[in-house]
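Please read the structure below before turning to the comments.
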Amino acid sequence: MSSVSSSRPPSPPLSRTADMPTTGLGYFSVPFERFVRDDISDWASGFTLLDTMETYFDSRLDLLQRSWAKHSDRLKLRAEERLQEMLKKDVFKIKTNHQLDREVQRLKLKLSQRLISLTETWHSTKVVRTREKLTFFMGVMLVLFTALMFNMTPQWIHVTYTVLSACLLPMRVYMYKKRSWHYFLFDLCYYCNIINLFYIWVMPDHPGLFVACYCLSHGSLASAVITWRNSLVFHDFDKVTSLFIHIYPPLVFTVIRHFYPNAEQRFPALSELPHLNPVTALLLSSIIYLIWQLLYWKFVFVDRRTKIESGQRATSLTYLLHDKRGVIGRALSAVAPHRRELAFMAGQFVYSILTELPAVFVLYDSSFWSGIFLIFIFAVSVWNGGGFYIEVFGRKFERELEALRKELAEATARSSERSSPTLGPQSDDDLATVSGSPELKHRTLSVLMNGLSDPVLDTQTPASE
């Protein structure tokens, strides 16, 4: 069979129907035709391999594509879940912040209402009387305590001065800030008190600083009791604080200079100052004063000029300009407006130098005249306080009596119209007789008891140097 296939002529192949009758092997060759090799079968085998590879890789790629699609779907699902969670959290945060803002506003409202209630309670008549009684008690006890300490332990005077300053000055800052009077805190008296405390506790061995503190305390501060009419009014906390600011510094430095036992050990600067050189003393105090004056001019007259000119804030200059009864106010009113600040500062400097002359020439070398000087300053404050009590409360009592007289006259007139004519009180003696009734006695007693808390007459004015 192989020999017959090998000797096949190169003629073109005949059809299967034509070969079957002439070829002896045609019947057996039909089932084995697929084993016949020719050029076309070689090409077909190559295509079969490619189909196999394509089928293999197509299946693999299809599996990969399906796995990627599933993974992508899972990622998308997770992203959507995460986005939903974030949105829920944001909405919760918004709701929480909104609720928090409402709670904060509610707390602010409650706090504001509480403060208003406390303020009304603080200014109520009962609390005012209690507060004034407490202030009166503390003021009187402070005077007694200072006198006993001066006699028994003068070395503790400067400690008492420090403790009282730590208590009273912050209260003064709070009260003046609340009343929009805090520009008065830039005045010389507060500056001198700070310098005094700095010398006592930081530089007690500096002679120049001691001289400046001594001169300013016995000069501008002490004389301010007279200039600004400081009053010893025990029931008024503001007036007690003002008097302390101006009278305690000269007391402390008088004790240090004349009555402090072994003062050179605690304050070494005194060992170098047995006497004062007038020129040096005035020069040193002037330097300290001019430093304050320059700072005051910059921070008040320059940086805060708009608020002062608009009337939102008051200063010593504006206060004195409105005081038409005082000599300083009338003198400043006579100066041109654009020169008032310069005139005010120059006048203050001259005033400071003049008030320091007694301390330089007399008080530093004499304990006797230093004591007389302190007694005189304290007596002026007592006199001003007595005038406050007598004049203010006297005028109030007179107004209340006049109101009672008018009310009694009206009641008498009404009763005379309804019944038979009766004679009412026509003179002060008749009024005194009628006022013996219990009702009028009660009214008069209430007038006297309310005298210490008169909201009209007991007006506060910022006390400065």
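Any Cβ shown, glycine's included, is placed from N, Cα and C.
All annotation found in TrEMBL is predicted automatically rather than curated by experts.
Since the structure is predicted, the reported quantities are computational estimates derived from the model, not experimental observations.
According to TrEMBL, the region 'Disordered' annotation covers 1-20, 412-436. TrEMBL lists 134-150, 156-174, 181-202, 208-228, 240-260, 280-297, 342-362, 368-390 with the feature transmembrane segment.
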The transmembrane segment (368-390) vs the transmembrane segment (208-228): 3 or more CB pairs under 8 Å: yes
Sequence-remote partners of the transmembrane segment (181-202) [C-beta within less than 8 Å, at least six residues beyond its ends]: 158, 161-162, 165, 169, 172-173, 175, 209-210, 212-213, 216-217, 220-221, 224, 245-246, 249, 252-253, 288-289, 292, 295-296, 299-300, 304, 308, 313-316, 319, 348, 352, 462-465
Recorded stretch, among 134-150, 156-174, 208-228, 240-260, 280-297, maximising Cβ pairs under 8 Å relative to the transmembrane segment (342-362): 208-228
Beyond the flanks of the transmembrane segment (134-150) by at least 6 residues, Cβ under 8 Å: 156-157, 160, 164, 232, 234-237, 240, 251, 255, 259
Feature contact check the transmembrane segment (240-260) with the transmembrane segment (208-228), CB under 8 Å, 3 or more pairs: yes
Long-range environment of the transmembrane segment (280-297) - Cβ separation under 8 angstroms, sequence gap at least 6: 186-188, 191, 195, 208, 211-212, 215-216, 219-220, 341, 345, 348-349, 352-353, 356, 360
